[in-house]
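Novice: Below is the structure I would like to discuss, written out as structure tokens.
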């Protein structure tokens, strides 16, 4: 787990800034009309604004903000943890693919790289973001479908065990899948309650799953542990190495949901002996709405791993059209149907950036951005009674910060009108997810300041 709070310099990289972002300007608007900041009697003081500008000026990754498309009227986009911006060349890449590969090569494209794309792109993703050697990743369907495959694969490898450990507050897909699969197989789910203990000692507002909770439930009846590495609500980072080790000591396997991790912080799946993992590519990997998910299966498990979605693309020789299903000996066995090749094009663009920058530098920028969010929270939002719902310790905080106030929902229309886009989560939460390569510190300042002003207009008071 990386603990790197500063923004490190990367020798030899272009640290110049595009005109769009010069002088500490916000990401998407050269027009200040309608900004919540401008209609506030107090912009938070020259010091905070100057600090944001200084952080931008010394950000070694600032030039990469110009590699992303802008949205007219958007002053501060703080929802990169839900949907990343498109890269600036994503539209051209899609046009080129449609005209040249699909339109020009037609069916011949399957013999010219399309057929292998789920594996070759999976290997690129694994090397750049997952700490995983080749031949262990695939680009598949949605996260739900990929998780379904991996959960069944893990359970098939522990046929004599009867229990699953899962987080009762995990993202709905994970809970729904586990409930349904356990019901179909006659298994018992042992639910962990993340509110039972403080994930961050001394801060009761931050919840998440701790290793000791898993240890208390893991027995020789446990077949599988399914958890998210980063809590989608609080941003708390679970101790992946420790929990994986606890499960293995009990003879169980682990499936990790990496949706809020991949592209936000370095992962070392091979080094930490992870069994299975899945994640989406439309958040910090900017693959676009509905972009295909990825799956990871440790090489030691591939020869014996099975799953219930048997499709023609997962057999040893797809074009023999054989009478029965004979799984491919490698990771291709987890590919089911025809891959969404067109849907992988924007992901390739983002991987070009990630490979050039490196995950350590991306994590450093991410931590610096969320540190700044909390600094702004302390000065601008806490006096209004806003509660912090994420760890202050950057080493256990992912790429977003959650805040709570009863007027958050009421403030949303004013925020959107100002061009400030956070992520509202019922009943009263805002998730602020500044994507590290596409977001600057001044953009974060404008966003948090606008949240303060919108809450004041909605009736909040100190």
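Backbone N, Cα and C define each Cβ position, glycine as well.
Where the annotation comes from TrEMBL, it is an automatic prediction and has not been curated.
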Novice: Of the candidates 191, 312, which does TrEMBL annotate as part of the pyridoxal 5'-phosphate site that also includes 143, 144, 171, 172, 173, 174, 257, 260, 282, 338?
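Specialist: My reading of TrEMBL gives 312 as the candidate in that site.
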Novice: Could you tell me which of the ranges 1-49, 50-98 is annotated in TrEMBL as region 'Disordered'?
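Specialist: TrEMBL lists region 'Disordered' for residues 1-49.
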Novice: Fewest other CB within 10 angstroms, which one of the binding-site residues 171, 282?
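Specialist: So among 171, 282, the binding-site residues given, the one with the fewest Cβ atoms within 10 Å is 171.
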Novice: Fewest other CB within 10 angstroms, which one of the recorded positions 143, 173, 257, 283?
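Specialist: 173, out of the recorded positions 143, 173, 257, 283, has the fewest neighbouring Cβ atoms within 10 Å.
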Novice: Is residue 338 (pyridoxal 5'-phosphate binding site) helix, strand or coil when read with DSSP?
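Specialist: Note: residue 338 (pyridoxal 5'-phosphate binding site) is coil by DSSP, not helix or strand.
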Novice: Rounded to a whole number, how many Å is the Cα of residue 171 (pyridoxal 5'-phosphate binding site) away from the Cα of residue 283 (N6-(pyridoxal phosphate)lysine)?
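Specialist: On Cα coordinates alone, these residues lie 15 Å apart.
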Novice: State, in Å as a whole number, the widest CA to CA span among the pyridoxal 5'-phosphate-binding residues 143, 144, 171, 172, 173, 174, 257, 260, 282, 312, 338 given in the record.
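Specialist: For the residues that bind pyridoxal 5'-phosphate, the greatest Cα distance is 31 Å.
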Novice: Reduced to three states, what secondary structure does DSSP give residue 143 (pyridoxal 5'-phosphate binding site)?
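Specialist: Note: residue 143 (pyridoxal 5'-phosphate binding site) is helical by DSSP.
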Novice: Can you tell me how far the Cα of residue 173 (pyridoxal 5'-phosphate binding site) sits from the Cα of residue 283 (N6-(pyridoxal phosphate)lysine), in Å?
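Specialist: About 16 Å separates the two Cα atoms.
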